[in-house]
Amino acid sequence: MAYPERDLIVDPRSGFCKSNSTFYSKRNPLCLPPNPSLDVTTFISSQPQRGTTAFIDASTGHRLTFSDLWRVVDRVADCLYHEVGIRRGDVVLILSPNSIYIPVVCLSVMSLGAVVTTANTLNTSGEISKQIAQSNPTLVFTTSQLAPKLAAAISVVLTDEEDEKRVELTSGVRVVGILSEMMKKETSGQRVRDRVNQDDTAMMLYSSGTTGTSKGVISSHRNLTAYVAKYIDDKWKRDEIFVCTVPMFHSFGLLAFAMGSVASGSTVVILRRFGLDDMMQAVEKYKATILSLAPPVLVAMINGADQLKAKYDLTSLRKVRCGGAPLSKEVMDSFLEKYPTVNIFQGYALTESHGSGASTESVEESLKYGAVGLLSSGIEARIVDPDTGRVMGVNQPGELWLKGPSISKGYFGNEEATNETINLEGWLKLGDLCYIDEDGFLFVVDRLKELIKYKGYQVPPAELEALLIAHPHILDAAVIPFPDREAGQYPMAYVARKPESNLSEKEVIDFISNQVAPYKKIRKVAFISSIPKTASGKTLRKDLIKLSTSKL
């Protein structure tokens, strides 16, 4: 454990310093490169390449070795610079389903000092147009199927081998290249490129917007380099075979599987789209050792364990990494009962913190039930009372603030949101109600904006949700505030029942009332086929709140 100032007196057990009310990471110090002109692609390529295969397409079996990867990254960058005219600061949009070539595009673009941004492939044309109007991309990498969602006349590189004239006629875009052809073309030999600084913007990914509108998060080369440095320091992530189960337009998917895994020498099996059976088939076929999952997928693995283990050989699987929401003791115990040879690790981070926050990195740490782990390398934390602004100490709840080299510079074109979220000292206000215990473990109580205010009491939805999904007839659940004239708000549950279940509203209400204080009782239940979530597995409470009040 290392601290920035030598005269600080820090409790080695909790990591807390009383003199400045700051918690420090107990992990190894983060080793960052001193070169101010080092771009993140060069930093990744400079790491020792221990592995052979970088990426595998799960559906076709097509492989991309590490040597092939860096060869085509250089070729695509050369084409972008000399033929398309991409320069430092230009924005390049990736609108594509998962593919082994997304990392190629991402690394090529950032090596030029240009900026990578992504869009959700499920978004409508109007939603994509709004994002394009804000980010103003010079170029879009997309497929022939998705090209019609783009505005006419925008420059496009196709990531599939469709007839470019047909695509231009049917969608109106201007095709300036085919990715497969760029990857085959020998480099020009002219290496003159713009000088890139670590403080330059490398990426601009849009936050999930679970509590409001989506915002473009600015990521510098320094932010991403800090992420990669932390990733390769996590020795348990080296030389593994991952299955990419999440969309690569999302920050976790892009950072972990287009950057971190490349630097660590691991192999990534990429699913073009998620399906539980597709994931299990990939584990069996490619002998995958680790899965990164959102909590709902973990629950699905528990519920279908007997059938899945009978159908697939999962003996290679050793680890599951889970993020998006803390796991309850009941869920963890159920998983370990069904999959006794697989260890669970948890992680906690935001798009704005680039994979840094807290995590469990050993079996012993994972046994700290309810905790999301110890603070990440290079991260400092404060717990701040949201009402008084007083900085809190060990085991005292408040809003979590984080600071460190991985913290974003802010939101693109949104100074108001930046100032609300990141203060002048660089502290990122996460909006989560948390506490850090005497051993330095971080516990997430709930989203501050999502706390239900019932007659002056604060009710954390996550606590009730953990109880609900422990019910044998409940597949998934979400709890929201429902407006009430007398109480202000009360807890309402949306419940997705398991197939064949006839669970009633009264049974749900009684199930919870027997386990919680009176002010935490659920007083209204609605049944729904599935709980709406973001690509990363976070519950879209704003959609449920809108649904619940639409009939008022």
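The chain as shown is numbered from 1 upward.
Every residue gets a Cβ built from N, Cα and C, even glycine.
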Further (E)-4-coumaroyl-AMP ligand in Swiss-Prot, beside GLY324, GLN346, GLY347, THR351, LYS449, LYS453, within candidate set PHE252, PHE257, PHE511:
PHE252
How far apart, in angstrom, are the most distant Cα atoms among the (E)-4-coumaroyl-AMP-binding residues PHE252, GLY324, GLN346, GLY347, THR351, LYS449, LYS453?
32
Determine the most Cβ-crowded residue among the binding-site residues GLY324, GLY347, THR351, ARG447, using a 10 Å radius around each Cβ and all protein chains in the structure.
GLY324
Residue counts (helix, strand, coil, in that order) that DSSP gives for the region 'SBD2' (347-411):
7 helix, 25 strand, 33 coil
Could you check which of the binding-site residues (SER207, ARG273, GLN346) sits closest to GLY324 ((E)-4-coumaroyl-AMP binding site), going Cα to Cα?
GLN346
Long-range same-chain neighbours of SER207 (ATP binding site), Cβ under 8 Å, sequence gap at least 6?
SER214, LYS215, VAL217, LEU350, THR351, GLU352
Count the Cβ atoms, other than its own, that fall within 10 Å of the Cβ of LYS453 ((E)-4-coumaroyl-AMP binding site), considering every protein chain shown.
13
